[in-house]
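Please find one structure pasted underneath; my questions will follow.
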């Protein structure tokens, strides 16, 4: 699957640790995909996540079946071996994960590559690299979904990074329906979220509101 920045519009990120009952995870993923998510990232990380390799591979394969059903890319967070093993469409790399240069060498253009960049220095460094497709930038607003999220950037700083970047940016961190319009106004290509999706009720209605803002 070739990268298209439209993939970043409604970017769902989650792992089993993000739902109260692990049995609800795959149904929730399908519900959000069916309602119009444009990408899904399996981020199985932190307290109460799956650490058994066989179980994780099985979960990733099931997620891939769902993303293929709805014709959207599956990204694997910080696990090149897993991404390659299941032929995921993409890999997302954080600043504290495996070095991006190593990841690019390993995937050799076989998948979409996203990199977390949250400072001017990180964006400038990314601008010097070939093989990256997009940057994930945040946290834009305060969030409790990611323990390592750091201080919030705010929309003014986000816009500065968007203007600095050679690559399309997807915003993440504390994004809600209320602050989504100002987030999109910075020039980002889309937004990513965890709890906004995993805790969503009345999914079709909420997703229609999101689509209206993102396409605005």
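From the backbone N, Cα and C atoms, a Cβ is placed for every residue, glycine too.
Annotated 4-amino-2-methyl-5-(diphosphooxymethyl)pyrimidine binding site per Swiss-Prot: 41, 42, 43, 44, 45, 77, 116, 146, in sequence order. The annotation Mg(2+) binding site is assigned in Swiss-Prot to 78, 97.
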Of all the binding-site residues given, 41, 116, which has the fewest Cβ neighbours within 10 Å once its own Cβ is left out?
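Counting other Cβ atoms within 10 Å of each of the binding-site residues 41, 116 gives the minimum at 116.
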A 10 Å Cβ contact count, applied to the binding-site residues 43, 45: which residue has the minimum?
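45, out of the binding-site residues 43, 45, has the fewest neighbouring Cβ atoms within 10 Å.
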With Cβ-Cβ distance below 8 Å and at least 6 positions apart along the chain, what are the contacts of residue 97 (Mg(2+) binding site)? List them in sequence order.
78
For residue 42 (4-amino-2-methyl-5-(diphosphooxymethyl)pyrimidine binding site), what is the tally of other C-beta atoms lying within 10 angstroms of its C-beta?
29
Please compare the binding-site residues 44, 77, 78 by how many other CB atoms fall within 10 Å of each one's CB, and tell me which has the fewest.
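Ranked by other Cβ atoms within 10 Å, the binding-site residues 44, 77, 78 bottom out at 78.
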